[in-house]
Each structure stands twice: as C-alpha cells, then as structure tokens.
Amino acid sequence: MTNPVRWLFSTNHKDIGTLYFIFGAIAGVMGTCFSVLIRMELARPGDQILGGNHQLYNVLITAHAFFMIFFMVMPAMIGGSGNWSVPILIGAPDMAFPRLNNISFWLLPPSLLLLLSSALVEVGSGTGWTVYPPLSGITSHSGGAVDSAISSLHLSGVSSILGSINFLTTISNMRGPGMTMHRSPLFVWSVPVTAFPLLLSLPVLAGAITMLLTDRNFNTTFSDPAGGGDPILYQHLFRFFGHPEVYIPILPGSGIISHIVSTFSGKPVFGYLGMVYAMISIGVLGFLVWAHHMFTVGLDVDTRAYFTAATMIIAVPTGIKIFSWIATMWGGSIQYKTPMLFAVGFIFLFTIGGLTGIVPANSGLDIALHDTYYVVAHFHYVLSMGAVFALFAGFHYWVGKIFGRTYPETLGKIHFWITFFGVNLTLFPMHFLGLSGMPRRIPDYPDAYAGWNALSSFGSYISVVGIRRFFVVVTITSSSGNNITRANIPWAVEQNSTTLEWLVQSPPAFHTFGELPAIKETKSYVK
C-alpha cells in the first residue's frame, strides 16, 4: 500500500479507482472552500471578505465550477465508481486497456495544477465556467490566465475521452460468460450511456476552446464581429457540450441509486427495461436541447419553440426513472440504512430540481429568469443534491467492499441529516432570490435581498460541518471498522444474488477473479 511506484504505475482497476476517489475528495474540498468564500462574500450586502475585489469574486466562481464538475463529480462518479465497480459487476478480470486507464487518471493532476496556476497569473480567469467571449477575449482578460484554464480543460477532456473509450470497450467485450447486457445491473448500463455522450461532445468543446485560444493568441476572429466572427457561435459549440455534460454525472448516479433502492427494498428494480431505455433516451435527448441556455441571445421564435418543447420532453424519461424507484420501494421491506437515506434524499431532491427546471424551460419565462439565482438553485438541486448525494450513497454502500470494514452507521446517519439540512437551507432560498430578480455572478446586491442571502450563507456553513462529518466516517472506517467476512456481508438480502460484487471477498483480491465466473442463474432482469 505504501509503495509510491505501485500507485504511480498501477494498471489495476481498483488502485486507479481509489486514486480517482482520493483526487475527487481533494478537489471536492477545494471546490467547497471556494463556495464557502462566495457565500461569505454574499452573506451581507456591500463588500465583505474580498474587500471590493470583484474580479477575485469571479475567479472564485469560475474555480468553484471547474473544480466541482471536472475534478470532483466526474472523476469520482465515472473514474472512481466506474473503475471499482464495473469490472467486478460484469465478471471481468480488469479494464480492457489497463495502461490507458492509468494515463486517464494521471492527466488529471496536471490539469488541476494548470487551473490552479491560472488563478495566480495576473488577475486570474474570471470568466465563469462557460468562458464566453468577449469576456474571455484578449481585451477583457489579457495575460495567460484564460489560456492556462483552456489548457487545463483540454487535458481534462483528453482524460475523459480515453476513459470513455476504455469503459465502452470493457463493457462491450469483457463481460463474463453468461453475463448478457440484460443481466447487467443498471449501474453497468449507465456507464456506456454516459461514455457515449462524453465521446461525442468533448471534441466539440475542444474545437470551441481551441478557436478561443487562436482568437486570443493568433489574431483570428472566430468570436469577433469586427473580423466577421460571431460570439454566439462559441455559445452554440460550448452548450452542445455543456448540456450533455450536466447529464453525464447524473446517469451513473441514477445507476447507483437503482442498485441501492433495489437492495434495501428487498426487490428487483421495477421496470428494468424501462429504466434502461429511459437512460438511453436521456443520453440522446441531452444533445437536442442545448439552446435552452441561450433563449436570451436573439434566437428566432420557431427555434425557441422547438427547444422549449424538446427540453420538456426530457422530463418524461426522468419521470419514468423516479416513478420506477418509487415503485421498487412500494410494498418492499425497506431498511433505512445510510445508503438508503441518501438514495431517498436523492430521489426527493432530484425531483425538486427537475420540477424547478420545467419553469425556465419555457422560453418566455426564461427571459425573466435567465442568469438569476433561480437557475443557480435549479442546477445545484440537480448536481449538488443529485450527483453528490448519489456519490455519498454509493460510498456508504460499497465502502465495506473497498476497505473490507463496516462504516459507523450512526455517524453515517448524522452525516446525512446535517448535509441534507445544510444543502436545503443553502439552496432553497435561492429560488426566491431568483424570482425577485437577483442576478448571478454579482458580488454585491441591494439590501432587499439581504434576508434570503443570510439564510443561504448560514446553510452553507452547516453543509461544511456535514462534509467534515463525512471525512470522520471515512477515517474511522478505514482505520477501525469491523472486518467483513463472507458470512458477514453488510447487505445480506436476497436481492444481492443478482450482482457479483458480494460474491467475492472484501476487499477483493488484487486480481479479483482467479477464473472468470460463469453466470448461470436464470433470474435475469429480462426473461
């Protein structure tokens, strides 16, 4: 365990998954620190801790978004959970391309360092995560900060593309004998449905930010109307990537939630095939709705009508998933252990996030709500309470498999309730701020907004206490939890017979399967 060479050159999927988790935890703590600094600045009207440095405020906003999306949620959800679980769940000895797996991870730390360094160059990169021109152009952001951030995005994108190729190949070609796709758990389905959109959308982002790079450094005018360019072109290219990107962390999360709800309800997932097709539909529809982020840029009325309708259609497969989870729990013998609490919390909060998303999907209403705190509240309910709660649920569910020890149940539940209360107190008041017209990315505001902002900032401090409790749980589990034996499987219910991970020892051997398991049982999800 302590040999650095083993970790640096490892081609073992479990080692690399662990590295992804550690990296995601570090980036998550840093991103949380940025968000708390933002909330401290917004706790009261007027200039607070940043002393009137509004560029620094925008640098914090940008860093918070990049850290949380590209360096926390995606590495932990796809790299961590995917690497650890997918080969075991499909009965594969390892990933298809182990050395590619290694470089996929090791591209991320330099990418993170590039992003950090961008904040230290001149005035930093204060563009927001969208990096829209002309704000990101050479006249508004001279110096190397934005170039450094763009290079960071390129590295992160290459990492994701290589990882996606690896997962698609592994799941296509390396399933154990008898493990058909229709026998695979929903988490296994969610990974290729996530990898395809990544593979298709990341090159578009790469093209967009490369155009931006040449505009800044080589005097091209892709985004400058003076030379025949158009800043709206960049918005279309970025959002073509950016919208699938926000579904990408949610899909593996929904696979994890399906796994957990099924186990703790003691029943197979309700409507397995419907769940699969719903995931595929979300993956496809995610590419057809990007301009709903652009209702205010002057699109013609027919275009806005189409994107309004297409955005609302995404609610259908999402609703199928939510009702299937509820139907799975209906009449089940439910055990409210920590993973199940996070799963139920996910379903409740993800539903709220989905409902609040239907409102700005209307292009007419979005004229009023665009770039207000209503939008911030909506996507944080989906991401901060969707993806992150799914990660916490999956961690508590599989931590016994990873460490070979049980986590402290009471501390896990305390972690859930503090976090649940904190994030709701932080984000729910933002709906009211947005409906009142408070714009995003602004470090100061009129006194009328002071009450809800104070409440929101207080909630963010509570969330930090909850996250600290999470690291206490991790420390106790890794150092002094009870050992798990074959006879002491933490979730010993009949439903586990449909997945392979509890049939191997905890923690699994360095090479999980001495010989490939033959899947012979007839209780496949689809007859």
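Keep in mind that glycine also has a Cβ here, set from the backbone N, Cα and C atoms.
What Swiss-Prot records for this protein:
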type: BINDING; residues: GLU41, GLY46, PRO443; note: Ca(2+) binding site
type: BINDING; residues: HIS243, HIS292, HIS293; note: Cu cation binding site
type: BINDING; residues: HIS378; note: heme a3 binding site
type: TRANSMEM; residues: 18-38; note: transmembrane segment
type: TRANSMEM; residues: 59-79; note: transmembrane segment
type: TRANSMEM; residues: 103-123; note: transmembrane segment
type: TRANSMEM; residues: 149-169; note: transmembrane segment
type: TRANSMEM; residues: 193-213; note: transmembrane segment
type: TRANSMEM; residues: 246-266; note: transmembrane segment
type: TRANSMEM; residues: 269-289; note: transmembrane segment
type: TRANSMEM; residues: 312-332; note: transmembrane segment
type: TRANSMEM; residues: 339-359; note: transmembrane segment
type: TRANSMEM; residues: 375-395; note: transmembrane segment
type: TRANSMEM; residues: 414-434; note: transmembrane segment
type: TRANSMEM; residues: 447-467; note: transmembrane segment
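Sequence features, as recorded in Swiss-Prot, placed on the structure.
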| residue | record | contacts (Cβ under 8 Å, 6+ apart) |
| --- | --- | --- |
| GLU41 | Ca(2+) binding site | GLN48, ILE49, LEU50, TYR57, PRO443 |
| GLY46 | Ca(2+) binding site | ASP444 |
| HIS243 | Cu cation binding site | GLY286, PHE287, VAL289, TRP290, HIS292, HIS293 |
| HIS378 | heme a3 binding site | GLY353, THR356, GLY357, PRO360, HIS431 |
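For the transmembrane segment (149-169), the partner stretch with the most Cβ pairs below 8 Å, chosen from 103-123, 269-289, 312-332, is 103-123. Listed in chain order, the extra residues whose Cβ falls within 8 Å of the Cβ center of the Ca(2+) site residues GLU41, GLY46, PRO443 are LEU42, ARG44, PRO45, ASP47, GLN48, ILE49, LEU50, GLY52, TYR57, ASP444, TYR445. If one looks beyond the transmembrane segment (193-213) by at least 6 residues along the same chain, the residues whose Cβ comes under 8 Å of a Cβ in the stretch are 78, 131, 133, 136, 146-147, 150, 153-154, 157, 160-161, 163-165, 167-168, 220, 222-223, 234, 237-238, 240-242, 244-245, 247-248, 251-252, 279-280, 282-283, 286-287.
Long-range Cβ contacts of the transmembrane segment (246-266) within its own chain (Cβ-Cβ under 8 Å, at least 6 residues beyond either end) map to 69, 73-74, 77-78, 81-82, 185-191, 193-194, 197-198, 275, 279, 282-283, 286, 321, 325, 328-329, 332-337, 339-340, 342-343, 346-347, 350, 379, 382-383, 386-387, 389-391, 393-394, 397, 491, 493-496, 499. When other Cβ atoms within 10 Å of the Cβ of HIS292 (Cu cation binding site) are tallied across all protein chains shown, the result is 24.
Same-chain neighbours of the Cu cation site beyond HIS243, HIS292, HIS293, judged by a C-beta within 8 angstroms of the site's C-beta center, are, in sequence order, ARG239, GLY242, VAL289, TRP290, ALA291, MET294, PHE307, THR311. Long-range neighbours of the transmembrane segment (18-38) within the same chain, counting only residues 6 or more positions beyond its ends whose Cβ lies under 8 Å from a Cβ of the stretch, are 7, 10, 49-50, 57, 60-61, 63-64, 67-68, 71-73, 75-76, 79-80, 83-84, 105, 108-109, 112, 402, 460-461, 463-464, 467, 471. Outside the transmembrane segment (447-467), and at least 6 residues removed from its termini, the chain residues within Cβ reach (under 8 Å) are 28-29, 32, 35-36, 39-40, 42-45, 415, 418-427, 429-430, 432-433, 436, 438.
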